[in-house]
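According to TrEMBL, the feature domain 'Cytochrome oxidase subunit I profile' maps to 1-225. Look at TrEMBL and you will find 6-33, 63-80, 92-113, 125-147, 159-183, 195-217 tagged as transmembrane segment.
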Amino acid sequence: WLEVDAFTWTVLTSAAMAVVAFPVLAVTVALLLADRTLGTAFVVGGGGPLVWQHLFWFFAHPLVYILVLPPMGIVSHVLPRFAGRRLFGRRSAVYSTLAIGVVSFTVWAHHLFVTGMSPSVRTVFMFTTLAVALPSSAKLCTWLVTLWGGSIRYTAPMIASLAAVGYFVVGGVTGVFLAAVPINVRYTGTYYVVAHFHLLLAGFVGLALAAGAYYWAPLLTGRRL
C-alpha cells in the first residue's frame, strides 16, 4: 500500500473522511427539519443554537480538508515530474495525509471560541488545531526538498504548482495564528478569516487543480491546453 502514489492516497483519505463527515450533516439537517416542521425539540435542555453550530462545524471543518487533500496530492504528483526527481519522503507524505484525515475531526470547535466555551476546552482545541499544522508542514517539506537540486522545467503545470505552494504557505501561516485562542477571539468574523480561507480554498486549490488539468489533459486528449 505504501507504494501507491501520494495523489491516490489523498483521494482515498478524502473519500474516507466524506464517509464520516457527510452522515453527520445529513442527520443534523434531518433533525433540524423535524424541529422546524414536526414540532420536535431534539436539543431542548442540552443546547439550542450552539448545538447546531457544533454539529455543522464537525462536518464543515473536515470538509475543508476533504477539498484540500486531493489538490495536495496533485502538487505531490506534478512537482517531481518537472523537477526530475522522485518525491522526497514519499512515505512521510502518505503518513501526513492520513494524519490530516484523522486530526481534522478534532479541531472544529476553534470556530466557536467566542461562544462562551470554557478555557480548558478552548485550550484543548487550540492544541489540536496547532497539531494539524504538523503533517501539513511535513507535506511542504517534501515539496521543497523535492525541488532542491532538481532539474526544474518551468512548464505550465509546474508554474501552477509552484504558485499553489506559495498560496499554501501564506494560507497555512495565517491559520496557525488563528489557532491561538487570544488571536482567534480577536479576529473571528473579520476579513483576516476570510483571507485565510480563500488563500487556501481559492488560491491553493484553484492553482493545484489548474496544474492537474494542464498536466493530465495532454495525456488524456493528446493535445496541450
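Numbers here mean position along the shown chain, with the first residue as 1.
For all residues, glycine too, the Cβ spot is worked out from N, Cα and C.
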| request: Please work out whether the transmembrane segment (92-113) lies in contact with the transmembrane segment (195-217), by counting C-beta pairs under 8 angstroms that are 6 or more apart in sequence and asking whether there are at least 3. | output: no
| note | Taking every residue in the domain 'Cytochrome oxidase subunit I profile' (1-225), the average pLDDT works out to 93
| note | Ranking 63-80, 125-147, 159-183 by Cβ pairs under 8 Å to the transmembrane segment (195-217) puts first 159-183
